[in-house]
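Take a look at the structure set out below.
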């Protein structure tokens with residue numbers, strides 16, 4: 001029974017969203033707001049039950065304050081972020097935000113160099129013993145040259161950047177094709193749901 | 001040339017709906033990246049524990065859910081154990097739904113054959129923490145049971161005990177998995193992603209940072225073919241193909257009308 005009700009609600013909300021294709025209307029806006037509200041409520045509950053309670057409340061209250069007093073540091077930082085709501089106290093929120101940005105940037109920089117830049121460089125330094133390798137090297141070199149802005153794109157550099165632009169266009173084309181495929185897949189998924197799970201037509 | 005956009009919407013709806021109703025059969029050719037993903041999972045020994053991260057939400061379910069089902073069917077048919085987690089809050093119930101569906105089909109038991117670790121915010125920090133001890137990031141499972149009490153977690157402490165991680169993602173979570181789990185801890189990764197993201201992830205495959213790539217509904221259909229269990233993704237392929245033809249026709253019509261219009265303007 002619960003499944004049936006769920007299917008009907010999902011079908012109704014799907015049709016509400018589809019109605020936007022005709023024009024903006026209250027049904028569409030209702031479905032949009034329900035989605036945003038439900039997602040935020042779900043995230044809130046998840047964060048409370050699976051992060052704040054087991055990682056903060058339980059250690060402090062049940063396991064003992066003396067052993068876990070260091071948890072007060074992230075708690076205070078967390079509360080400080082909430083001061084953004086009050087114009088007079090807003091500056092306080094910069095402290096935890098700087099802390100978060102600092103940690104995030106630190107992790108991202110080391111991660112990017114170790115995890116992306118160097119492995120990708122290694123993968124590009126290959127012997128030119130096949131057409132694939134040759135195309136890859138030409139593509140990498142000419143595309144990088146396209147983003148070299150310290151000299152005017154003339155002569156040899158100009159030729160290289162023109163080739164680079166072709167590679168970039170090919171990438172955009174492939175991405176556009178994949179994007180269409182993705183969007184159509186989403187539509188197929190919804191129509192399949194309506195015809196199969198809701199109407200039992202297929 | 002001005003076509004009312006609603007006519008195009010109507011055409012799109014017809015082109016997608018009709019092939020789904022009349023069920024046209026179309027061949028699905030398996031591409032090398034999907035074959036690689038299948039082969040790597042197929043090589044795993046029965047009893048191995050893989051980590052499945054369903055990093056997507058309802059908006060991309062039509063593409064990634066069929067993929068999740070196909071991969072789970074493959075894993076459970078080979079008696080491989082699964083730990084489910086997500087970097088997105090809504091990824092957990094979606095993954096749980098898929099697990100419940102496939103586990104029932106293969107008679108798998110919660111706690112012994114699979115477990116749901118849940119959602120944890122923090123992405124990079126969580127990935128790094130799991131490198132030293134999974135229990136640091138997930139002390140309990142989704143239902144609040146300590147991981148120690150789950151037989152499936154016996155001997156599973158960190159990435160060293162997980163032969164392959166599968167990230168099914170709709171965003172950039174794969175970048176983080178590659179940056180930290182793969183580069184720092186040497187974790188082998190197989191990725192499944194939305195078609196939009198696929199072009200961004202091919203360099204990882206080329207560099208050997210991921211060992212297989214399943215892209216979009218097409219990738220899911222290919223995987224369904226490999227496990228010989230055609231389902232939703234396979235049935236969506238004819239609609240996909242007809243839709244692509246329609247888009248090509250519309251692009252050609254748009255270009256022809258553009259050139260005709262330009263010639264008219266020049267003459268006048």
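Going from the start of the chain as shown, residues are counted 1 onward.
A Cβ is built for glycine as well, from the same backbone N, Cα and C atoms used for every other residue.
A TrEMBL annotation is a machine prediction, not a hand-curated record.
Remote same-chain residues near the transmembrane segment (A:6-22) are listed as 28, 30-32, 34-35, 190, 193-194, 197-198 (criterion: CB distance under 8 Å, separation of at least six residues from the stretch ends). The annotation transmembrane segment is assigned in TrEMBL to A:6-22 (among others).
As annotated by TrEMBL, transmembrane segment applies to A:34-52 (among others).
Residues or ranges marked as transmembrane segment in TrEMBL: A:64-82 (among others). Here the transmembrane segment (A:64-82) has Cβ contacts under 8 Å with residues 55-56, 92-93, 95-97, 99 of the same chain, all six or more residues outside its ends.
According to TrEMBL, the transmembrane segment annotation covers A:94-118 (among others). Listed as Cβ neighbours of the transmembrane segment (A:94-118) (distance under 8 Å, sequence separation of 6 or more from its ends, same chain) are residues 77-78, 80-81.
According to TrEMBL, the feature transmembrane segment maps to A:130-149 (among others).
Feature annotation from TrEMBL assigns transmembrane segment to A:170-193 (among others).
Below 8 angstroms of C-beta separation, residues 13 of the same chain, each at least six residues beyond the ends of the transmembrane segment (A:34-52), sit close to that stretch.
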